[in-house]
Structure formats: structure tokens, C-alpha cells
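S.K.: One structure is given below, represented as C-alpha cells, and several questions about it will come after.
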Amino acid sequence: GGGAYGAAKAGGAFDLIRFVQQPQVLTRIVSAVFALVVFACLVGDGYVNHSDDSKLFCVFNHNADACRYGIGIGVLAFLACIFFFMVDVYFPQISNTTDRKYLVLADLGFSGLWTFLWFIGFCFLTNQWSWARTEEVYIVADSARAAITFSFFSIFSW
């Protein structure tokens, strides 16, 4: 039968296999993994120090804002994926079509905003990485490139 806003009528039984096979659920899982990779790379290897100085600096051209931005949107994207994943789980149990409409619109709006923010993050990280001195960040270069790469992939997954 018919449904409201892309889901079956309220009150049906939960089928895990069918749930996981839904495109929005698969995309949300992929987006969460990409966000996790971005902020994990930046938290783990985004800050380094010189051997003669104990002060940490961001590997992206010593611009702490670049690291903070990547970590911030990565953490918030990961938390949003968890939130919207839970919404997807409970969505068939919501009988009010107005509530369903607002949840779908919130998901759509947030996804559009986060697509834009990932694009800004990719451009920002790439620009700052292009100005970074190679001899200072040689050891953590792979993590920085992974953060840039997965921020690019996140543009499309969102």
C-alpha cells in the first residue's frame, strides 16, 4: 500500500534487512563513516610540533581554524547521522503526516546545508594544505590527505 513521505503506513513491524537496504540508510552510514574518518584524522594527526618546541600547530599551514573547521563539521555530521538514523528507525511508527513532513524537510534542509559546508571544508583544507611546508608535515601528510579526500567524498554522500 501507499504511504506518507516515503514510508509505509504507521504501525508495521520492523524489518532490519529491509531497513538496512534502504538507500537513505546506506547513504547515512557511508556519510557517518566519512565524517568519522575526517575528524579522526584531524584529531589524531592534525596537530604536530617541532622537535625543539612543545607547542602544537595545525598541519594545514599552521592555521588552527582549518583543523577546527574540519573537526567541527566532522563531529556534527557524525552526530547528525546518528540522529537521522534514529529518525529513520522510528519513522514508520510516526502516524502524523505533518510530523513526517517536518522530519523529511529537516533531513533535506540539513543535508543541503551540510553538503555546502563539506564543500567549503574541502576547499578550505585543500587551500591550506597547498600552502603547508612539506618538511614540517611529512610524517602526518597521509592523514591530512585522507581528511581532504573524505571531505570531498562527503560532498556527494550528503
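Glycine is treated like the rest: Cβ placed from N, Cα and C.
According to TrEMBL:
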type	residues	note
DOMAIN	19-158	domain 'MARVEL'
TRANSMEM	25-48	transmembrane segment
TRANSMEM	69-91	transmembrane segment
TRANSMEM	103-125	transmembrane segment
S.K.: Short question: which residues 6 or more past the ends of the transmembrane segment (25-48) have a Cβ under 8 Å from it?
M.R.: 19, 56-60, 67, 70-71, 73-75, 77-78, 81-82, 84-85, 88, 121, 136-137, 139-140, 143-144, 146-147, 150-151, 153-154, 157-158
S.K.: When secondary structure is assigned with DSSP, how many helix, strand and coil residues does the domain 'MARVEL' (19-158) contain?
M.R.: 110 helix, 4 strand, 26 coil
